Structure formats: C-alpha cells, structure tokens
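**Student:** Next up is a structure, given as structure tokens.
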C-alpha cells in the first residue's frame, strides 16, 4: 500500500510540474511582452487598445508587492520587498485586479515577477515601504508579513559562485535571504501566490530561482492553487512558471535542476543572438539554433534578446540602443521555431540605476504616443515598433509549422520558410542581398510586414511577388533601414 501511494504521489507531482510549462495562451497567440515598470491602469489600456488587437499572448509585469522606497526611485527598488501587500508605484490591489480582468477579457494573460528568495537589502534604521509598512532590515524584522530573524538564513556574503551553500543560503547583493525550508516562510509565500492566482494571473516569473533549493521550490509550486476558472482557465490548470536561472554552462547550480519544475530563462540564447547580430558570428551558423547550440529543450526555455537586467550590462547583449541589429535579432527570434518567446518593452536609461519615467513627486508617468503609435516621453516601447509587433503577427501566423528551405550565402545573409505559411530573410552583410529565393508560399503578392502593413487590400510598404513554384525576388540593401524582410499568409494582397 505504501509503495502504491508513493507512486501515485510521484505521478501527480510529475504531471503537476509538466503542467507548469503551459502558458495558457489564447488561440494561436505565442509571444509575451515585458511591460517593465508600467502602471496597472496603463497595462489594462494597452491590453485593450494594442496588445489584444496585435495578437500578443501575455504580459510580464513588474513585482506587485510592497517594496522599499530608495532615494531617486531606481528600478531595482521593486526587487526589495517589505511586505506582500499589493501596493507599489504601479498601483494598488484594486487597480491590479482590474488590469488582470481586463487583459484576460481580451486574451492577454498576466505573468507576475515574484520575489520568493529574499526581502530588502540593508537600510539604516527604519525603512518605509510603498504601502506605508515599516521594517528594520538590519534586524531582519518585517512586521508587514510578518517575518523576523528566525525566518532567514544566517547572514553571509556570496564570494564563491561555485559554492552551492553560498549561492543558495547567503545574501544575494546584500538582500535578506529567506529560508524557504521553513514552514512559516513557505506558508506566507504560498499565501501570496495563491492570492495572485485568485485575482486571475496565469503564472509567475520567479526571480533569483537559482538562489533557492529546487526541492523547496518544488514544494511551493506543487502546493499553490490551480488557476482561477472565473478568468477563462480550464479546470485543474496549473500556473505557468518560468524561473530566472543564470547558467552559462559551467555553474555549480545548473538550469537542469529547475527545468522540470517549470520553464527556465535561457540566458545563453540572449548572449549568442547578440553575438551573431553584432557581427561576431556568421548568421549561417544559426541554422542549428536552439538545442543544437546546447540550449534547453524548446518547451523548457524562456527566450529573449534582452531583459531588464542584462540590457543594462556591457557586452554582447543587444538592446534598443542598437536598433537595426536589435530589430533583426528580434525578427529572427520570433521567426525561428524555438523557445517560449518574450520581447522587452523598456524605458530609456543612461546608467544602470535610472528610474522609470516619473514626475516631480516621483510618481510613474503614463506612456504617451505619437501619431504613429510610438512612445515619446521616456518610454521606449519596443513592442510598439512596427518591425516587432509585425513579427508577433508573423509568429502567430506560422505557429505549429516546421522550419524548411534554409538558405545562406556562406556568411550572414540567410532565409528560411515556416511551412507554407511564412518566410524570413535577413541581411547582416555590408553588401546587398538580391536573390531569387524559395519562399514556400502559395503564388501571390505579399506585403513585407517589416516595412509596411496590409491595409485595405494593398501594401503600405514594399511587396514581393511569389510565383507558382514558390520563388520570389528578395532584395535587402546593405543600407536598408531594417535589414530584414518577412512575408506570411495573413499579409497576402
């Protein structure tokens, strides 16, 4: 009897963790956007006015719980919890709940960035949070939860990143490290996550997951509630979980410890796609992109060109400040059949600590748009760049098709088909791409969705004529604004 019961428990745990890889997208939608530091009311409006109509699948939102107030209001204060009250500069609980409902109503899921590893960093004296809660971080006292010193690991620094004990029990950049093996801590974290599930979220991005033991996270994930059916989720649906695990391939704490619990952020994807489109690697090598490069299995990998952390670091990672290469890399990301895709929506920054756009009272301001829909007041809004939202539509149009008919020039001009539904070509050389190429599309005239749109039966940008054999003449000049061309069946004239 005991062996049978144990087997049943193991089977249930396995099925539960597999379910945590399902993002619960509507229809053929399959791209998440990170609206970094946006207010809840603005996200609700964006879901209704832009994300839903453009076919985005979901939004990753900034941390929702009360955080410490830091001088100058740097973005990273959101990653220093004071309590689990749902009051931040993005809004209060009522505004958050309204946003979740309105986004779900138009088929856009909400994924919350959650902080289960730690509370705030050190602070002289009494710290005050965004909901007015007081805490004394130096004594590990957080009455708003409440947590006291016994709920944390003993203080120590991470000096050796190859020491598992230090990585998982010492303080990440001085942040007070919670003990997730404690029943009390587990109960408070589960209570917090369950409340968000009740409000209708579809899942969680788990910050600093590698700094928590996989066994502790497994317990927490398996104990939280099923998704709320009142928000359109099926019965017994589990929250989608994607975990921040930075693993460059030589880490003592590896991504493979977490990829069965949920998806994992594939940081090597970000680094290598940046290398390629910066010209440090020929694009021809991208034919084997994905697992052929040693990345995680497609359904386990949360993929991105940049995120809110690494876009601020020097190195190979691309960001909005290199727009041509960034748009090419994003087009490839969304066209190639690998990973669970997330695109970034940033605000402008001059240094690592730059605050989001705010007024004189340090209140986050709403994005404003020009006549073409681009943001103009400190918000970058890459997701509103035509070259990016058009590729979200491309990805929807080609969902569940295979890559075929790869072509390259032996260097950094490439093209490929997605079944008979889509075609992408990229030119990252310093000379023109002018070639008859197999598009795999039915005969007809197609709009290049990178440079224009299909409006009232005609293209606002350039078009490509595809013959009865599927071939079309493709031209991408070396000096062209975008360096990429994309055709799909939903943009046929």
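Each residue, glycine too, has its Cβ placed from N, Cα and C.
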**Student:** Looking at chloride binding as recorded in Swiss-Prot, which candidate out of 162, 307, 396 goes with 205, 342?
**Tutor:** 307
**Student:** Per Swiss-Prot, which of 117, 236, 259 sits in the Ca(2+) site along with 168, 177, 211?
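**Tutor:** My reading of Swiss-Prot gives 117 as the candidate in that site.
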**Student:** Taking DSSP three-state, what's residue 170 (disulfide bond) in: helix, strand or coil?
**Tutor:** coil
**Student:** Within 8 Å of the centroid of the Cβ atoms of 205, 307, 342, which other residues of that chain place their own Cβ, given that this set defines the recorded chloride site?
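**Tutor:** Counting only non-site residues, the set is 32, 34, 60, 113, 242, 244, 265, 302, 304, 308, 344.
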**Student:** Roughly how many Å lie between the Cα atoms of residue 211 (Ca(2+) binding site) and residue 170 (disulfide bond), rounded to a whole value?
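**Tutor:** Rounded to the nearest whole number, the Cα-Cα distance is 9 Å.
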**Student:** On a simple 10 Å Cβ count over all chains shown, which one of the disulfide-bonded residues 103, 375, 381, 459 is most densely packed?
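**Tutor:** By the 10 Å Cβ neighbour count, 103 comes out on top.
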**Student:** Between residue 244 (active site, proton donor) and residue 207 (active site, nucleophile), find the distance joining the two CA atoms and give it rounded to the nearest Å.
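**Tutor:** Cα to Cα, residue 244 (active site, proton donor) and residue 207 (active site, nucleophile) are separated by 5 Å.
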**Student:** Around residue 447 (disulfide bond), how many other CB atoms lie within 10 A of its CB?
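**Tutor:** A count of 25.
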**Student:** Same chain only, sequence gap of 6 or more: which residues have a CB within under 8 Å of the CB of residue 20 (pyrrolidone carboxylic acid)?
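**Tutor:** Listed in sequence order: 203, 221, 238, 239, 240, 241, 261, 262.
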